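Report on the following structure.
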Amino acid sequence: MFAFASLYTQIPGLYGPEGILPARRMLRPQGKGRWQQLWETPTLLWEAPRLGLDTAQGLELLSLLGALLALGALLLSPLRHPAVFLLLWAAYLSACQVGQVFLYFQWDSLLLETGFLAVLVAPLRPAFHRKQAPQGGQAGALPHEGLPFWLVRWLLFRLMFASGVVKLTSRCPAWWGLTALTYHYETQCLPTPAAWFAHHLPVWLHKLSVVATFLIEIAVPPLFFAPIRRLRLAAFYSQVLLQVLIIITGNYNFFNLMTLVLTTALLDDQHLAAEPGHSSRKKTAMSRPKALLATLSLLLELAIYGFLAYGTVHYFGLEVDWQQRTVHSRTTFTFHQFSQWLKTLTLPTVWLGVASLAWELLSALWRWTQVRGWLRKLSAAVQLSLVGTATVALFLISLVPYSYVEPGTHGRLWTGAHRLFGTVEHLQLANSYGLFRRMTGLGGRPEVVLEGSYDGHHWTEIEFMYKPGNLSRPPPVVVPHQPRLDWQMWFAALGPHTHSPWFTSLVLRLLQGKEPVIRLVQSQVARYPFHKQPPTYLRAQRYKYWFSQPGEQGQWWRRQWVEEFFPPVSLGDPVLETLLRQFGLQDKNPPRARGANSTLAQALHWTRTQLSPLEAPSLLWGLLMAVGAVRVVQALLAPWSLRSSPSAVAIGQKHRPAPQKDSGATSEQATPAPSPCSSSSRTTRRKK
């Protein structure tokens, strides 16, 4: 919902006919068959002309439908269906096909991969059709339902492990010197106000935080597949801690929220349960073999914690200085030693995945043998076969991008996995990850500042809504919205403007005074300094920014001019025309008026008019608050609807327990059901 709604607010300025990179240029029929064209460029936007819409209008329609479908799935259980998630995945894949550089972020790929897994995770039938088994499990739970959740855990493992490894394989001196966080808070794309305070923490604490990051991202992920439940829970809470701290100090849109969703695959029903009478159950005497097994599990768990602690102290040279009350840390291993370790470890992690998946498949097969009734057994066998095959195929596909972390392992993979990955690579079913590979801005945060002028002598800075500019303006909080132009401005500042061809198109649109692009800079056009008349000249300067020091009243930033980033140009300037021609940004075929008077196009225009006064973060938080309010009302009305529903009374009469001699057991069975969807006193969730 956040991804679609955030993208919707930016479509006219990014992809419209007067946008920075018009989407229509990405979909030009080349005389191929309809299905071949759809397979090579998989996007539903090929069908936009049939609806009387241009490509940008089709993208708006897809974004609106995607946001509404996601909103509906949050509120209504029947919409949590594989078909709905398949539509959401297809809609976002369609947008990515025309999104160009503004949709090339790793979290866009992660959302696509997660979205496709959601198709497998979602149940084929509503939860209220499931009856509870006497042992507390679900009699209606199907044998295959644990397999998709295993794929979610595998995706989380690949994401975190690769993100930790690339920090060291990049040979970045800041990561190797454990000083990365002394720069990160002020040099990240869109810091929050909390980042200013985090930046001024002691250096030793920053270095210790880097050590903790390596521990959480490299050492902890293998515990995702641990057979001991408490190890998986410890891994879960460590990942949650990391993601929450990132959310507090940086605006990374929906990425960290999505990672938090992935971590829930490490939980189980027992940890999430809030069952009546659960805490008052009598503990049955444990048999001697089970007691021995529990003791061995505890010893193994303690051994693993001790191994992680020893490894952290040894490899990062942790020493406590009691006099200065600090912790000294340094890397005690070399790049060569780490490379050898990675070569030794990467292939075993692949086999770890194979072994864990094999166990899940055998467990699913065992659950299938427990199914009663030949018709149910046949149906479960078909579903288990289909989901099991899909799970194995997706695992094999994912091995190829995962092995990018270590070239030797990549070359030793089964050739069939490479062929399978090559066949579906354009569908982005599996991707490689590696966040914060290198720390930028070690000598100061580079920032591009646009300036406009009417006479070429007096220049006025153009302030963006979200990225740093004005020294006295505090960093904003915009999560879960992603202002994609502001993000690309951060990347553009890292090199010459020729490495970011879209920047020339941005300059052209601002010189032309195109309102959709101006709204990307300032949603309230009156705040744009050239809203009455476009500037005659535009140029860009490169500065270096630093957070202000404590005690500097009214200042959040300091800056220093570095160089000219983009030369002064005007409309018709030979320099501008040459750049537009060089980057292929000249619009040789003006857009044809299509569907301007159609009912659908008018409805899209009316919707845009109604929503345009709202700033994107306000719109997204408004959606979230609406979801929360509706869910609270649903929770309050649930007990009343249960009491007043004739079907609920009938169900209660049908399953009324027989009298028991044990009064405690009788009172526990007679506890009212907490949900109208329950057919007995307790309802457990499917095991993740």
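Cβ coordinates are placed from backbone N, Cα and C, and glycine is handled just like the others.
Range annotated as transmembrane segment by TrEMBL, chosen from 56-76, 203-223: 56-76. Counting residue by residue with DSSP, the domain 'Lipase maturation factor 1/2 C-terminal' (429-567) contains 33 helix, 33 strand, 73 coil.
Per-residue pLDDT, averaged along the domain 'Lipase maturation factor 1/2 C-terminal' (429-567), amounts to 94 for this model. Residues 211, 215, 219-220, 223, 226, 228, 230-231 of the same chain, all 6+ positions outside the transmembrane segment (291-313), place their C-beta atoms under 8 angstroms from a C-beta of that stretch. Stretch with the most C-beta contacts under 8 angstroms to the transmembrane segment (380-404), considering only 83-104, 234-255, 350-368: 350-368. If one looks beyond the transmembrane segment (83-104) by at least 6 residues along the same chain, the residues whose Cβ comes under 8 Å of a Cβ in the stretch are 3-4, 7, 10, 14-15, 21, 23, 26-27, 41-45, 55, 59, 62-63, 65-66, 69-70, 72-73, 111-112, 115-116, 118-119, 122, 427-428, 484-485, 488, 500, 502.
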